[in-house]
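*Asks:* I'd like to ask you about the structure that follows.
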């Protein structure tokens, strides 16, 4: 529904809501933890509040023009488009949506179509982007922040404070991205965020290798330094792969394969979230400080991947996204249009 020049910032409100929810949940858990015996019940019960807000809020959400037109309600789709754009001058965009919808309705097997050679770039991104988002190591850092900070010598309360603080940093990073994504583009933020994460992870690994033997407790000063580096890492993630790991996949698929492509993105993300969460503690015990180098390697790899293989989607209407892939120096060879022109 978002105009192309605001789409990135508006989509990033999803990440802002997620990080804000995590931050508030940590604060609530800390507060209810002070209530002995029944505080955990209150914490679980309070989760009904956002559930109710989502339920009643959904009653006021418009159907998207794309969905209405694709299901045959073209006139209603045009009315919604006029309402959300705030102007009657929507004929050009409406005709683009009608054309894209006709192509989408002709597709009866979107998953089979996704396997066609012309959609090879989008299929690669559907797998790689969610995998890369998890291989930053962010879920491991956030899931096991209390364990990590206790290993650094913090007490149990201090570790909870640190988890709250990293949650606050995630909120800050999401706000930064909202105000920069449509100005600087997706690729710039992903590359800068990747470089920041690599630097932080490598420095942490070096410090732990030099000063932490496993049974020792780090000095207070060094613990603070590592905590700051972890927060900088979280900030780098939040301003790049945190939200853009969802924004970019939502933009790259043409309408005829969008539902199939997005379902693959979500499935792969959840699968690797589960796998890394299950394996992290064993990896931490085996690799020790090397776990940070493991994630740093993948962060460096995904940064290079973005530089060479991910096209910029800023300001491109969704119904015209196919032309971005056709003009890409590497992925353009998979384009049906380009192949036809080569034959000519």
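Residue 1 is the first one shown; counting continues down the chain.
Including glycine, each Cβ sits where the backbone N, Cα and C put it.
This is the feature table in TrEMBL:
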DOMAIN    1-314  domain 'Major facilitator superfamily (MFS) profile'
TRANSMEM  12-32  transmembrane segment
TRANSMEM  38-62  transmembrane segment
TRANSMEM  123-148  transmembrane segment
TRANSMEM  160-181  transmembrane segment
TRANSMEM  188-212  transmembrane segment
TRANSMEM  224-248  transmembrane segment
TRANSMEM  260-281  transmembrane segment
TRANSMEM  287-310  transmembrane segment
*Asks:* I'm a bit unsure how to read this: which one of 12-32, 160-181, 188-212 has the highest number of Cβ pairs shorter than 8 Å with the transmembrane segment (123-148)?
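*Replies:* Ranking 12-32, 160-181, 188-212 by Cβ pairs under 8 Å to the transmembrane segment (123-148) puts 160-181 first.
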*Asks:* Counting Cβ pairs closer than 8 Å, which of 38-62, 160-181, 188-212, 224-248, 260-281 has the most of them with the transmembrane segment (12-32)?
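*Replies:* It is 160-181, which has the most Cβ pairs under 8 Å.
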*Asks:* What same-chain residues lie close to the transmembrane segment (38-62): Cβ under 8 Å, and 6 or more beyond its ends?
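*Replies:* Contacts of the transmembrane segment (38-62) (Cβ under 8 Å, skipping residues fewer than 6 from its ends): 1, 21, 28-29, 32, 80, 83-84.
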